[in-house]
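Trainee: Structure below; questions to follow.
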Amino acid sequence: MGSTAAASSLPASAGSGENLVLILDYGSQYTHLITRRVRQLGVLSLCVSGTAPLAALEGLRPRAIVLSGGPHSVHATGAPTFPEGFLDFADGAGAHVLGVCYGMQLLVQSLGGAVEPGERQEYGKMDVEVTAPSSALYGEAETGKRQTVWMSHGDEVVKLPKGFEVVARSVQGAVAAIENQENRFYGLQYHPEVTHSPQGMETLRRFLFDVCGIKADWKMQDVLDEEIKTIQSMVGPDEHVICALSGGVDSTVAATLVHKAIGDRLHCVFVDNGLLRYKERERVMSTFESDLHLPVTCVDASEQFLSKLKGVEDPEQKRKIIGREFIAVFDDFAHKLEQKIGKRPEYLVQGTLYPDVIESCPPPGSGRTHSHTIKSHHNVGGLPKDMKLKLIEPLKLLFKDEVRKLGSILNVPDSFLKRHPFPGPGLAVRVLGDVTKGNALDTLRQVDEIFVQAIKDAGLYDKIWQAFAVFLPVQTVGVQGDQRTHSNAVVLRAITSEDGMTADWYYFGHEFLVDVVNKICNNVRGINRVCQDITSKPPATVEWE
C-alpha cells in the first residue's frame with residue numbers, strides 16, 4: 001500500500017512500542033493477510049509501501065520486519081527494492097527480518113547471494129521438507145518432516161549470502177527456507193500466511209515469539225485508549241467536530257469513539273442521498289436515537305445527489321461525484337452549525353478502514369506504491385482536494401472484525417455490530433450505469449429487501465459477510481401471466497469473508513434460491529430474471545462497481 005499508511009498515520013504508541021511488526025509491501029495479493037495473521041496472534045502489525053523512504057519510518061523501532069511477496073522478478077528493470085539504508089535501519093532497531101517469497105529473493109540478492117529463473121516453476125500446493133537439524137523457524141521436532149505449503153514463484157535462490165543456511169527444501173529440491181540467526185535474517189520461499197499452508201501460522205508464531213521474543217500485548221482496549229488520547233490532543237478544548245454517519249458499523253463505531261473522547265462537541269449528521277436501502281433512513285435514525293443516544297441531524301439531500309448523478313455511467317465518476325456532494329453537504333451543515341453555536345467546526349470524522357486505504361492506493365509506475373488501485377472509496381480517493389474540513393479517521397488502521405470488537409467495548413449493541421457492510425456510495429454502485437434511469441433504484445430496493453429478509457428468516461444472516469442485489473441495465477425476454485415480457489434482470493450476491501479483502505461466494509441450498517426467486521419475480525414489477533453471482537474475490541471485487 002502507499003504512503004497513506006506510513007508513519008504519519010500511525011498511532012502515537014506505534015513507534016515507541018517494543019512489539020511492533022512492520023510489513024513492507026511489494027505488491028503481493030496476500031500482503032494484507034500477513035498483517036492480519038500477525039494481529040490475530042495479538043501483535044500490532046502495520047503495513048507500509050516497500051519502497052517508502054526511510055524518513056517515513058522515522059521514530060519506528062520494530063522488533064520484526066516482514067518483506068512481503070510480490071509479482072515482480074528481482075531481475076526485472078524497475079523491480080521494487082527496499083530504500084537505501086534499510087538494512088542499517090533494521091540493524092539499528094535490533095529487528096529480525098523475514099523475507100517472504102519475493103521478499104526472500106530480494107533479501108538474498110541484496111546481501112550478495114544469487115537468484116536465477118528456476119528450471120521448474122513452483123505454483124500452488126507443494127510439500128517442503130525441513131532439512132536442518134536445528135532450525136529457529138521450525139524447531140528440532142520438525143527435522144526430516146514434510147509439510148504442505150503454498151508456492152508462487154518462478155525465480156529461485158541458487159547461491160546463499162555469507163552466514164546463511166538452508167533449513168528447508170521443496171520436494172523438487174528448490175530452497176524453501178533460509179536462516180542467518182546471527183544477523184537476524186530469515187526467509188521463506190512460500191506463503192505461510194495463507195490457509196493453503198496449514199502449518200504456516202505455527203511458523204509465524206515461532207518467528208514472532210520464539211525467534212524475535214515479541215509479546216502478544218496488543219489489545220482492542222489499548223487501541224481505544226490510545227485513539228481517545230489522540231483525538232483529545234488533536235481537537236482543541238473549544239473546537240467542534242462533525243461526524244458523517246452512514247448507518248453502517250464503521251461510521252457508528254467511529255462516532256461513538258469520538259463522542260466518548262469529546263462529548264457534546266461532536267455533531268453527527270446522517271445524509272439521505274437518495275441511494276439508501278429500503279426504509280434505511282427510518283430504521284437507522286430510530287437506532288441512533290433509541291439505542292446509541294447519539295446527537296444526530298438528518299439531512300435530506302437526495303435531490304441534490306441524484307441531479308448530479310443523472311446521465312453518469314462511469315463507476316469511478318459516480319464515486320467521486322458522491323464524495324464531492326457529501327463534502328458539500330457537510331460544509332453547509334458546518335456553516336449552519338457555526339451560526340447556531342458561534343464557532344465553525346474544524347474536523348470531519350469518517351469511518352475509513354484499513355482495506356479502504358489499501359484499495360485506494362496509487363497504481364504501479366506512479367512511484368508511490370507497487371499495489372494496484374482497485375477502486376476509489378468515497379471517503380478516501382473520492383475526497384476533493386479543496387475540502388475545508390480536516391479529517392479524523394480513528395479506524396483507518398483496523399480491519400472490519402477489529403472494528404466490531406472495538407464497538408463491543410464501546411457498548412454498541414451487538415445486533416448493530418453484526419450488520420452487513422454497506423458501501424459509502426450506496427446503491428449507486430449496485431445500479432449499473434445511470435442510477436436515475438427509469439425506476440431502477442426503487443426496484444433494486446424491493447429486490448434487496450426480499451433477498452436480505454429471506455436470509456434472516458433462514459437464520460443465515462450471521463454466517464454471511466455481505467449479501468445484496470445488483471440491478472443490471474439490460475432487459476431480457478420473459479413470460480409472466482401468459483404474456484411475453486421484456487423486463488430487467490437482477491443479480492443476487494452473498495459472500496463469506498474475514499475482512500472484505502478476499503471473499504468466497506456463499507452456497508445457498510436449492511430450496512432457498514427457488515423461494516427467493518419466486519418472491520422477487522412475483523412481487524417486484526419490472527423483474528423477470530434473477531441470477532446469482534458465484535465469483536470469488538479475487539478475481540472479482542465484492543461490489544460490482
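Any Cβ shown, glycine's included, is placed from N, Cα and C.
Computed from a predicted structure; not experimentally measured.
Dumping what TrEMBL says about this protein:
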type: BINDING; residues: S246, G247, G248, V249, D250, S251, T252; note: ATP binding site
type: DOMAIN; residues: 218-419; note: domain 'GMPS ATP-PPase'
Trainee: Select one residue from S246, T252: among these binding-site residues, choose the one with the most other Cβ atoms within 10 Å of its Cβ.
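Mentor: That would be T252, with the highest Cβ count within 10 Å.
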Trainee: Along the domain 'GMPS ATP-PPase' (218-419), what average pLDDT does this model show?
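Mentor: A mean pLDDT of 83 is what the predicted model shows over the domain 'GMPS ATP-PPase' (218-419).
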Trainee: Measure from the Cβ of G248 (ATP binding site) and count the other Cβ atoms within 10 Å, all protein chains considered.
Mentor: 19
Trainee: When you measure from the Cβ of G247 (ATP binding site), which residues in the chain that are at least 6 apart have a Cβ under 8 Å away?
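Mentor: Once residues fewer than 6 apart are set aside, G247 (ATP binding site) is near F270, L276, E280, R283, V284, T287, F422.
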Trainee: 10 Å Cβ neighbour count around S251 (ATP binding site)?
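Mentor: So the Cβ neighbour count for S251 (ATP binding site) comes to 22.
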